[in-house]
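**Q** Here it is, the structure in full.
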């Protein structure tokens, strides 16, 4: 019978592990025999639960464990040691210990529910705390997203002009308030909205107006970008970048203190509005995942069940990541799938339900705020529903191939520049880099109308179907609309379409090059919107080509007779949508979640098959040209200890090849009853290990357990304060039994630290295949495992050792894994 003794509120509790049908109950002071061992004050009954021991009992060492890696730990005098169960910065969590701690806490609450009404209410609160927490996360995330959308839209339009009667309105809201028609707004003749040239007393058109508009555009961009960079540098360095690589690493069990803190949340939100408004080639959708996870982390501390348990907290963070994508794209289902496929490391069914609920609440709140001023929660909603022709799968797959190639080129170029930034003096001047890139972006972007407008507006323009009200160059077809309600037919492209194609090609080159330098700068910056823009431009160009082919040769077999009647059988906006999905899929390697996000983003449900074909082709090409997506590549670049569960370990080796220490090296260990306080302190000074195996003796090398360095430090510090007569030559005992040799009368009392000892560490033999070891680290979330041979300790394998070994086999530098 194996169990765990826990001291809570002055009472001991025992959990029976290997014989769940047995339970010890207090029946006074008479003796009972269990498994041949004498117990005082217990009787045996069925049911697996924790047992209230109210009388003194004696249990032999062979029949019961006195501690467990999943229970609270206590000092030698029985009091709790503050800080036990927490982790240092840049360390990996122990999933098994945290999950076991939560199970023990839950069993205690379940047992106490029948004692009183207060305990019953406490149990109900514990059961509902997860749902309440994700509800609060969803509401708060929706509010933050609405504020960011409104603020970014207003400041983006501020570069072009202002609404004098109500300066807090953006251009669209200002023009709609004037009751003018949509046509006048599209061609820029809204009288309520004043360009900066008109504000300064000049005319709306002309060279003077152009120069004033140009200068104001650059000036506002510089102001916004400098504010964003300064805020990030001064108040929250972790607020820069996308945040998704770090979120993936944190959800895999890594600790980065401050990355999900309140200052990061505030500066990321404000800096994101500023960076997007500056006109930089970036998006706000990726950082929304970081913002949502910050909200989840902060709110989890309202519920000790999650705030004090790192493994449980990651369930809330997974739900928050789903809410972040939900409000970024108005895609709650896609957000859940994104969290499952791309971000989360541990995703049980309960977390799936809570993520769905959190994403739903966030989308509902955002829809209630209505930041875009229409009935949709997204900016890219399409209004066409034409069927696609079977042959069009060929250009759709072609767009997928092009998307994969462009994504591979972009990832390699961006990684090269980010590596150069880290290793050169450029990294010492982050604000200067931001200002230089902003000036170059603004100066080059203004002359081209497709780069001058925000990237989100450009994508919306490319997704739209040409109609009566769309007067952009891209819709300059030789059509004669006599009736607004008449159907749109195939028509030859006018000179405006060809001019728009050239401008779009220049915009593609410009945005592709500038995004390489922008992504990774010290401002909040996402990659979803730029990636969608690359693909949307390519798709629109291919779509216009297919449309003109159908107009000139409507009867060829390619179109299956669908275009012979002259009806509008080809939709360039659909090609733009498919191309956007292809490039985004190639950059991020998303598949299922990408398709769901795209049809939720656009409302084009009947175009799922083209989206699937393009996404799959893009992933295959991207994987052939580069093994990692942009987020995994940045995880490797930063040296985070992330063990990807999607990769296979294809090498043949044994645990003995990886374990530390190597042959002829000394293993740092603790003995259970023969080391003094001075010996333990000396060992910790001379080594930097995060934990130490405990063995019976140096002669036998039989394994007793494992103790963490942090727990040992805390226990020694607590003992110095609480234990009288503690000396450097005091024995440190990791066992409840006395040492074999009786102490001398003048020797100090020993310090018993068995309560911080993990007596059930995960162990393997030296002949265990590394494929099995890697699977254990991935699926169990191990921090370390001990290697034994015939019960004798040989060494330790940590997560860092596994990562370094994999890099060595892949001919990469193992020292790039920075943290443990």
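Each Cβ is built from the backbone N, Cα and C atoms, and glycine gets one as well.
Caution: TrEMBL annotation is automatic and unverified by curators.
Sharing the feature lines straight out of TrEMBL:
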- 128-150: transmembrane segment (TRANSMEM)
- 214-236: transmembrane segment (TRANSMEM)
- 256-276: transmembrane segment (TRANSMEM)
- 288-304: transmembrane segment (TRANSMEM)
- 316-340: transmembrane segment (TRANSMEM)
- 389-415: transmembrane segment (TRANSMEM)
- 427-446: transmembrane segment (TRANSMEM)
- 500-520: transmembrane segment (TRANSMEM)
- 527-546: transmembrane segment (TRANSMEM)
- 574-599: transmembrane segment (TRANSMEM)
- 659-723: domain 'CBS' (DOMAIN)
- 757-814: domain 'CBS' (DOMAIN)
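Relative to the rest of the structure, where do these features sit?
**A** Outside the transmembrane segment (128-150) by six or more residues, the chain places 269, 272-273, 284, 288, 291-292, 295-296, 299-300, 302-303, 305-306, 315-316, 319-320, 323-324, 326-328, 350, 354-355, 357-366, 368-369, 371-372 with a CB less than 8 A from a CB of the stretch.
Remote same-chain residues near the transmembrane segment (316-340) are listed as 130, 133-134, 137-138, 141-142, 144-146, 247, 250-251, 260, 284-286, 288-293, 295-297, 299-300, 306, 346-347, 351-352, 354-363, 366-367, 376-378, 528, 590, 592-594, 596-598, 600-601 (criterion: CB distance under 8 Å, separation of at least six residues from the stretch ends).
Residues 213-214, 217-218, 221-222, 225-226, 228-230, 233, 278-281, 421, 452, 510, 514, 517-518, 521-523 of the same chain lie 6+ residues outside the transmembrane segment (427-446) yet bring a C-beta within less than 8 angstroms of a C-beta in it.
If you look at the transmembrane segment (500-520), the same-chain residues 6 or more away from its ends with a CB under 8 A from one of its CBs are 241-242, 280-282, 406, 410, 413-414, 417-418, 421, 437, 440-441, 444-445, 448-451, 455, 458, 472-474, 476, 527, 530, 533-534, 537-538, 540-541, 544, 630, 634.
Sequence-distant contacts of the transmembrane segment (574-599), counting only residues of its own chain at least 6 positions beyond either end whose CB sits under 8 Å from a CB of the stretch, comprise 325, 329, 331, 333-335, 337-338, 340-342, 382, 384, 386, 388, 395-396, 399-400, 402-408, 410-411, 459, 462-463, 527-528, 531-540, 542-543, 546, 605, 607-608, 610-612, 614-619, 621-623, 628-632.
The predicted model assigns the domain 'CBS' (659-723) a mean pLDDT of 87.
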**Q** Does the structure show the transmembrane segment (389-415) and the transmembrane segment (288-304) touching, where I'm treating 3 or more Cβ pairs under 8 angstroms (sequence separation 6 or more) as a contact?
**A** no
**Q** Residues sitting near the transmembrane segment (527-546): Cβ under 8 Å, six or more positions beyond its termini, same chain?
**A** 242, 281-286, 328-329, 392, 395, 398-399, 402-403, 406-407, 410, 455-456, 458-459, 462-463, 474, 493, 497, 501, 504-505, 507-508, 511-512, 515, 518-519, 570-584, 587-588, 630
**Q** Go through the chain and flag residues at least 6 beyond the ends of the transmembrane segment (256-276) whose CB is under 8 A from any CB in it; none is fine as an answer.
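**A** Result: 89-90, 144, 147-148, 151-152, 155-156, 224-225, 227-228, 231-232, 235-236, 238-240, 243, 246, 249-250, 282-284, 287, 290-291, 293-298, 317, 454, 523-525.
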**Q** Counting each residue once, how many in the domain 'CBS' (757-814) are helix, strand and coil under DSSP?
**A** 23 helix, 18 strand, 17 coil
